[in-house]
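The structure under discussion appears below in the form of structure tokens.
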Amino acid sequence: MGTTVMHGEEDANYRVPKQEPLHVQKEDLDAGALFVLKSKGSWMHCGYHLTTSIVAPPLLSLPYALTFLGWVGGISCLIIGALVTFYSYNLLSLVLEHHAHLGHRQLRFRDMANHILGPRWGRYYVGPIQFTVCFGAVVASTLLGGQCMKAIYLLSNPNGTMKLYEFVLIFGCLMLILAQIPSFHSLRHINLVSLLLCLAYSACATASSVHIGNSSKELKDYSLNGDTQDRVFGIFNAIAIIATTYGNGIIPEIQATIAEPVKGKMFKGLCVCYAVVAVTFFSVAISGYWAFGNRAEGLILSNFVSNGKPLVPKWFVLMTNIFTILQLSAVAVVYLQPTNEALERTFADPKSKEFSARNVIPRFVSRSLSVIIATTIAAMLPFFGDINSLIGAFGFMPLDFILPVVFFNLTFKPSKKSYIFWLNTSIAVVFSALGVIAAIAAVRQISLDAKTYRLFANV
């Protein structure tokens, strides 16, 4: 969008509001900011966190999204999603850098809303939807982890009797351990491994799709299924899937992990992340849709097994699922951080040492309870994917597409004659409308699938 926007330099249409020099005072941090959102990381660590939060196993649903959009619509939506989110995340970073430069570094999304929109917006809108989106991502990751474990089990033991909820509980036990990692910054090495894992399973998925597509003698069908109404709602469902796949929702919390000075570091981290996005999203989406056409499943890994028999070597399917499970654990623990921060702020004492008994015991109990609740929801509601689409429409759309451009316009006040102002306004209006329509499409899908819903169902 031009170096003017990205680096915050002045021109005729875009000027940083002139401020009187401020005496920066170190404010007392609450326990959540002090212990969970430690500002010690580099731009490379930031890139690891961003990649784990964005390049996650939901990208394996992209071929399915293309079944509703076709080649031109699907690839166009993928490109637009990448451009808009990269742009909006940079705007959010510029706003955070601006306030840090003035001596008011903001570490949380709700802090930004409080300062820019007013305290009610932070308390009653941004805070709740961010918590819902992030906790929803934890539940969805736990459910998907259980489903991948079950796939491995059935491949090894086709007549096995273990149920889905048992695998969800096993994954939940892994999460109980990872949830105790004290701070967001402490995840940097795990998230480096996560970055390598997402490249690995994306390469495996792409290779499997190409192999099956080349060896299959069936004609590939790329036509759109259903009547006109189904196709229209399918388009908006697909847009919601793509928006959720690009979604993040925790940009301020990730930027909070960067050591001062913060200027320019987030942009470098985003470049690392979107280099991985370009490699993974497009390869998986294009190869999966090319190989299976409108028969692409909600998770492309499901297409690699037909009637219980793998279409690629069994060890390759097992390896792909293992890579996916391992990265899901990293994704889930990243999206636990806003919950951990809130729990730490409520129950910990910032005046005591981080690893004192006064803080360790409440930390262990509260984090364990949050994981137990997420695991129980995932086990009870194996149809949570439908609910998560609704959460994505109401959550990721505002947090990642609308609020960043609104925050930028209100903070920097670009001229109403400038292209930046109108570009940002257009993004806010278009994605507000898409969010509402995608929410309606998600509610419709829930109503259609409701008759198949069963608690603790073995799906």
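Just so it is clear, glycine is given a Cβ too, placed from its N, Cα and C backbone atoms.
Because TrEMBL annotations are produced automatically, they should be read as predictions rather than curated entries.
Positions annotated as domain 'Amino acid transporter transmembrane' by TrEMBL: 40-443. For 68-89, 124-144, 164-181, 193-212, 232-251, 272-292, 312-336, 364-384, 390-412, 419-443, the entry in TrEMBL reads transmembrane segment.
Beyond the transmembrane segment (419-443), the same-chain residues lying 6 or more positions past its ends with a Cβ under 8 Å from any Cβ of the stretch are 1, 5, 13-14, 84, 87-88, 91, 233, 236-237, 239-240, 243, 386, 389-390, 392-394, 397-398, 401-402, 405-406, 408-409. Segment contact is absent for the transmembrane segment (364-384) and the transmembrane segment (193-212), given fewer than three CB pairs below 8 angstroms at sequence separation of 6 or more.
The stretch from 68-89, 124-144, 164-181, 312-336 with the most CB pairs below 8 A to the transmembrane segment (232-251) is 68-89. Long-range neighbours of the transmembrane segment (164-181) within the same chain, counting only residues 6 or more positions beyond its ends whose Cβ lies under 8 Å from a Cβ of the stretch, are 138, 142-143, 145-147, 149-150, 153, 187, 190, 325, 328-330, 332-333, 336, 340, 363-364, 367-368, 370-372, 374-375, 378-380, 382, 456-459. If you look at the transmembrane segment (68-89), the same-chain residues 6 or more away from its ends with a CB under 8 A from one of its CBs are 1, 54, 62, 222, 224, 231, 234-235, 237-239, 242-243, 245-248, 251, 266, 270, 274, 277-278, 281-282, 285-286, 289, 400-401, 404-405, 427, 431.
Away from its own ends, the transmembrane segment (312-336) comes close to residues 49, 52-53, 56-57, 60, 134-135, 137-138, 141-142, 144-145, 148-149, 151-152, 155-156, 171, 174-175, 178-179, 181, 184, 187, 190-191, 193-194, 197-198, 200-201, 204-205, 207-208, 211-212, 250, 301, 304-305, 367, 370-371, 374 of its chain (Cβ-Cβ under 8 Å, at least six residues beyond either end).
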